Each structure stands twice: as structure tokens, then as C-alpha cells.
Amino acid sequence: MARKQPHSWLNAVLFGLLLILIHVWGQDSPESSSIRTTHTGQVRGKLDHVRDTKAGVHTFLGIPFAKAPVGPLRFAPPEDPEPWSGVRDGTSHPAMCLQNIDMLDEVGLTDMKMILSSIPMSEDCLYLNIYTPAHAHEGSNLPVMVCIHGGALVIGMASMCDGSLLAVNEDLVVVAIQYRLGVLGFFSTGDEHARGNWGYLDQVAALRWVQQNIAHFGGNPNRVTIFGVSAGGTSVSSHVISPMSQGLFHGAIMESGVALLPDLISETSETVSTTVAKLSGCEATDSETLVRCLRAKSGAEILVINKVFKMIPAVVDGEFLPRHPKELLASEDFHPVPSIIGVNTDEYCCTIPMVMGTAQIIKELSRENLQAVLKDTAAQMMLPPECGDLLMEEYMGNTDDPQTLQIQYAEMMGDFLFVIPALQVAHFQRSHAPVYFYEFQHAPSYFKNVRPPHVKADHADEVPFVFGSFFWGIKVDFTEEEKLLSRRMMKYWANFARHGNPNSEGLPYWPVLDHDEQYLQLDTQPAVDRALKARRLQFWTKTLPQKIQELNGAQKNHAEL
């Protein structure tokens, strides 16, 4: 299942990224510079030429939206940025937040890691990037799309969201934000000494900054759409249900990530805080002492602790998340904003198993070890061990073919982690505001020779299509069919940002998700279908909980005897 990038594609990718990092798209001259005023000072951006177009884009990079979260502000809510005098340079990519970029090795992106190693890393990382069409000015009132990057809440940076082409082609403003990651972003003691969710609070601060300042860049603060993939989608979904984010945005796009993703939300902070306390060597008997000890650690020491976490959950902190996301959704305690919610066909194909360290388990799966693997899997899902048999019956059937078992296991994990949570959130939200649901089905041509033939769309495969062939600031080569798919997807996303509805003349019609359960299959030939994974949804939301209830009842009766 390990994914190796084809050399020709990788070379093009790395060369493209290198060009961006040394920033040579446009000539830095007085004529191409641009100055905008924010509430804390002036910033000079740059007019760049967007490749493959005749258009220009103004880029403003590394604008601070909060104070550096260091010293006493480590494990504390973000504070407003300090004003500056003179004109701040906004032509260099900001330092990324502290993170373990060695994770890129684990997903087969070693060469990319080498390039990214040249980008500075710092705790002082609460910055955002802005991309605007060259003609945009105060009063343009263009729709705004705020990109929240993914990366399991432990890795990523604003520069992953290269909004150049999207801004120019669709005449809107794109903002890409950074937020604290890993332990620095989500450590919690579960009490007033460190409530947690610092990364989410950073995102709220960035959205407030957008409300205050985006008009100076040609954006409309009353037409803000937040969007993201994976943990970015989870972030977007969490803002929909958080009282702290109310009024800061008007539309939400969640790509393969919602607030119910099991690995990114936890009722309790205990597991993470115990691990952090143990690894840090802070022999603290209480929360206050532990937080004081952790604040005294160097960035390098924090990075060592971070390496243990392949992902890190947000917590129910009583403030950003007053209750568990499922409770907030079920009690209709959320902002009724229009949403696009979607998943990919093969969410657990390639990238996620490598991150989670399960690729080898899948590769070695056979009828002989299936029962043991499913028992372990059930335990990881926090299900009773007896549920392993139910999972086998639902997904594996009676087949002995190892390849079929591996495919079915991957489908099961993709459903549990991504598809079922997305459908649940869509069903909760649709009675209060329009929800447009999609399944991205296209197998990217540039992975044709490196993935199994049955695989269509892996986790995050849609991202380059949304940004017009750009991903992580790199350019991928599309076929003509893929260029059309990308243009359509950019148009759907931009229409939604403009009007809260993705449809317009010349696009295949995308129906709203109502009781007909219609959704759009996003491929080179888009099509409308009904009731995505209806049987699997029934299994996870009705059959399995009922069985668990029966098991608990039987155990209770047995205990009473």
C-alpha cells in the first residue's frame, strides 16, 4: 500500500515548489509592489503573474493576526497582534508552526520533506496569507474564502493553500491561515490551567482579523466561506457548532473531515496530558505545576514530545466546544449556514494507513488472521471485542481472497473514520440550512502507475482540483479532462462562496441533500446519485449501536446473577 511518487511527477512537483519558495513568479519592482492598511499597520505585498493565465494576483504573505504565542502565552488563548510602524514586508512565506515534518517520510514524501525543511519553523507562527485579483481594491466587495489547512492537527502550514489561481479565475479573495499544532495547539489539563483547543482559538482569532481587515484587500466581510480538507474540514465543522465562531463566516465547506471524526475529538484530556507529562519529565502532581513546567521547555523539547502524536484530538473544553459535537448537532445547537460536505471513494487507500502505521497490517491481511485483526480494530474503535464478528459479517462476508479482504477492510476503515461521520453531520445540518453533498470519484492520472487499479480517489486527492492544479504550493500535471473537472470544481466552490449555492449555468446540476438523499458524484463526467452508502450508514448508526446495547444488557444481567 506504500505510495511512491513517480519520478517525472515528483521532479516537476519539487521544481515547482522550489520556484515558489524562492518566490520568482513576479519581478519585485516598485511598480509591482502593493500596500494595504490593516488595523495594526501597513503591509506591502507583491503583484505576481499566475502561471497558465494572463492574469496577475496580489499576494500578501505572513501577516500577523495574533501575538507570538510564546512564554506566558504558550497554552493560552491568542492575543491581538502588536501594532507596527512603517510598512511591513509581506512578500515572504511565514514560518510554519512547530511540527514533526519527519511524518512526510512515513507517507513516502521524503523528497518533499527535504524541500520543506528549507522553510523556517517557529512557535511565532500565527500568520495568514492573502491572495487577491490584481484589480481588487477597497470597495470591491469580493467573496472571501478562508482556507484552514489539514494535517491531523499536528502538521501543515498556510502555504499549503495556494489561492493564486482560485482568486484570479473566480474573482474572489482567498485567505490561508496558520494555527498552533500538536501539543502546543491541543494540549489540555481539563481544567482552568490549560483548557486546550488553542489551535481552534487561533483560527477564531484569524476569522476575527478577517472581519476587521479583509475589506482593505477588496473582500466582503459579510460573505466569508471557510473551507478545509481532513483536519481542516474538521476545523470548519467545529466552527459551525462553536458559539465562539458565530457571525464570523457565512458558508462552510468540509472536504473529508467533520467535527465527528473519531480520532480528532475526545471527551477527556486525560490520555494526551498523561502522555505529555510522562514524556516531558515534568514530575508534576497538579495541573498548574505541569503547565508551568511545560512552559519552561524549549521548542526543541516540545518537538520531541510532538513526534509521538501522529494526530491529536481536540477536547470538549466547555468554551470553544461547550459539549461533544454530536450533542451540539443533535440538540440543533449550531449555526445554520449553508454547507458543502463531501468524501472521497477510497479514503483509507494509501495516505492514512501509512500515517496510522496500519499499511503493513492491511498488506498481510488474510482469512487466517482476519478475526484477530478485527478484534484489535474493534478495540481501537472503542467497540466491544464481540463487535469484530459483526464487522466481519458486514464487510468481509465469506470470501477467502486476500486482496478482496484488504479492499473491504480499507472500505470499512474509510467508512468509520470519514464517510459515516460526514453523512451524520450532513443529516443533522440539512433541516436548518442547505447541505450539498459530494463523493469525489476521480482517480488522478498522475497516480495511475503507482496505485492499485481498483483505487479511485484517496484521501485529499480532490485538493489540487479545488486549487486549479496547485497543492502545497506545487503544480501537478492535469490531462485535458482533469483540467475541465478542476474548472468545474473551482466554479462550484466559488459559486457557493458567492451565493451559498454551487450551481450556475453551464455546470452539471448539483441538487441539495434532502430526503431524496441526492448527492453529486464528482468525476470527469459528474452525475447525480441517491443514498450514498445507505446500507453502511444503517449498520453504523442503527445495527451496531443496537447490538452493543444488547451486549451491555446481557453483561448486566450476567453480573446481577
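Cβ coordinates come from backbone N, Cα and C, glycine included.
Owing to the predicted nature of the structure, the values given are computational and were not obtained by experimental measurement.
The active site, acyl-ester intermediate feature in Swiss-Prot is assigned to S230. Under the heading active site, charge relay system, Swiss-Prot lists E347, H459. Here Swiss-Prot flags C97-C125, C282-C293 as disulfide bond, drawing on similarity to another entry. Annotation source Swiss-Prot lists signal peptide at 1-26.
Locations of recorded Swiss-Prot features on the structure.
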| residue | record | Cβ within 10 Å |
| --- | --- | --- |
| C97 | disulfide bond | 27 |
| C125 | disulfide bond | 27 |
| S230 | active site, acyl-ester intermediate | 27 |
| C282 | disulfide bond | 16 |
| C293 | disulfide bond | 15 |
| E347 | active site, charge relay system | 27 |
| H459 | active site, charge relay system | 26 |
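The recorded positions recorded for this entry are C97, C125, E347, H459, and the Cα of H459 lies nearest to that of the residue listed as 'active site, acyl-ester intermediate'. The two recorded residues, C125 (disulfide bond) and C293 (disulfide bond), show a Cα separation of 22 Å. For C293 (disulfide bond) paired with E347 (active site, charge relay system), the C-alpha to C-alpha distance reads 39 Å. Checked against C282 (disulfide bond) by C-alpha proximity, the recorded positions C97, E347, H459 yield C97 as the nearest. Residue pair C97 (disulfide bond) / H459 (active site, charge relay system) shows a Cα separation of 23 Å.
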